[in-house]
Amino acid sequence: MTRIFSSFILLGALQGFIVSVLLVSSGRRDPAGAQSKRLLAIVIFLLALCCLNLYLFEQPALLNTPIGNLLSALIPLVIAMPIGPLFYFYIRSYVEPEFRMSRKYRVHFYSVVVDLFQHVAALLFIIGLITGLLPQRNYHFGDFMDYYDQYADIPRWLSLVIYLCVSARYLKRVGKTAASGAAGGTLGGPAAAWPKTLLRVFIAFSILWLVFLIPYELPRYSDALINRFDWYPLYLPIVLLIYWLGIKGYFISYRPAPGKNPAARPALAPKAVEEAVLALKKAMEEEKCWLDPDLSLALLAQRCGVAPKTLSAILNQHLGKAFNEYVNEYRIAAVKARLMQPQSRELTIAALAYECGFNSLPTFQRAFKSITGLTPKEYGQKVLEKTANS
């Protein structure tokens with residue numbers, strides 16, 4: 001039976017790796033949902049890594065060797081702390097297709113140090129032994145690794161639960177604004193089913209993890225629990241979760257994009273359109289909302305006092321532009337104006353892009369060439385030549 005379970009866990013790990021690659025590659029073909037697909041791919045990949053770690057742990061021929069012990073001490077295969085924030089940002093990017101990860105969100109992933117600490121400590125320990133900084137004696141470092149990994153599961157579980165609560169509050173808030181017709185989110189109708197179902201499944205898993213974690217963290221019951229059940233009560237559900245996420249998550253990413261069926265929406269009143277356009281121009285030209293690198297359709301709609309779907313319809317049907325195209329025109333115009341200023345020529349192209357609202361240099365370069373027909377470098381050289389000739 002143990003061999004069957006072990007094979008099942010290995011197959012789950014392989015499934016996770018394959019689906020992760022498929023999600024990332026499908027994101028390249030469909031840029032609109034690329035970010036949410038990448039985030040889901042990373043979640044599945046990390047779960048698959050955990051399964052691979054357990055499978056290797058159950059193979060004495062692989063680990064009970066000097067090289068096997070060295071590799072297991074240095075290579076982190078259990079990286080669970082980022083799963084919570086990745087889950088939240090996946091939910092958010094699914095609900096708000098215009099949401100973009102920026103540098104300010106990196107702080108959510110600093111907790112990965114909990115997963116990496118023991119491996120960094122092992123590397124320093126080995127370096128100390130090799131260089132002679134540590135005298136040759138029995139330090140029981142393996143016991144430290146085992147105890148650390150055991151008690152590190154507590155912050156791992158807490159991290160997941162905290163971000164599940166944050167995700168639940170986010171979905172609740174977005175659901176309320178969608179029901180009232182106010183701005184602030186794009187979740188509604190069939191699109192609401194997937195993130196809510198996903199949240200329920202992960203909450204159920206966190207409860208199962210807690211049931212396993214309590215006796216595991218108690219020294220009196222820890223060894224008895226592992227000797228009797230091993231890790232299968234926790235990892236078999238993880239494998240099922242990988243299969244479910246792989247199948248459901250892959251196909252759900254092909255949901256129809258909003259705004260593709262204009263006939264399904266009633267026509268907007270001319271007065272409402274006029275008021276919304278005026279509010280939009282005020283937000284962009286006076287308040288300069290485009291300077292916010294995290295500006296999304298939902299945030300801009302909130303500043304304009306309209307629903308996101310209404311703003312999307314106005315942009316598409318009345319201004320003839322997509323949201324990103326509309327916002328990037330303001331940002332590119334600002335970059336072009338800055339390039340004309342001598343004091344700005346000392347800045348790098350990346351610095352100018354970030355100061356004008358872009359949160360990614362590749363995104364800026366693509367947008368700049370799409371609008372001007374030139375790369376930023378070519379445009380800058382053209383400005384210098386024009387200035388020199390005048």
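Including glycine, each Cβ sits where the backbone N, Cα and C put it.
Residues annotated as domain 'HTH araC/xylS-type' in TrEMBL: 274-382. According to TrEMBL, the feature transmembrane segment maps to 6-27, 39-57, 69-91, 112-134, 154-171, 197-214, 234-251.
Counted over residue pairs separated by six or more positions, the transmembrane segment (154-171) shares at least 3 Cβ pairs under 8 angstroms with the transmembrane segment (69-91), which defines the two as touching. Among the listed stretches 6-27, 39-57, 112-134, 197-214, 234-251, the one sharing the most Cβ pairs under 8 Å with the transmembrane segment (69-91) is 39-57. DSSP states for the domain 'HTH araC/xylS-type' (274-382), grouped as helix (H, G, I), strand (E, B) and coil, give 83 helix, 0 strand, 26 coil. Residues 70, 73-76, 78-82, 141, 144-145, 148-149, 152, 155-156 of the same chain sit 6 or more residues outside the transmembrane segment (112-134) yet have a Cβ under 8 Å from a Cβ within it. Only residues 6 or more beyond the boundaries of the transmembrane segment (234-251), in the same chain, are considered here, and those with a CB under 8 A from a CB of the stretch are 5, 8-9, 11-13, 15-16, 18-19, 22-23, 26, 40, 43-44, 47-48, 50-51, 54, 194, 201, 205, 208-209, 212.
Long-range contacts of the transmembrane segment (6-27) within the same chain: residues 33-35, 37-38, 40-42, 44-45, 47-49, 51-52, 54-55, 58, 235-236, 238-240, 242-243, 245-246, 249-250, 253, each at least 6 residues beyond the stretch ends and with a Cβ under 8 Å from a Cβ of the stretch.
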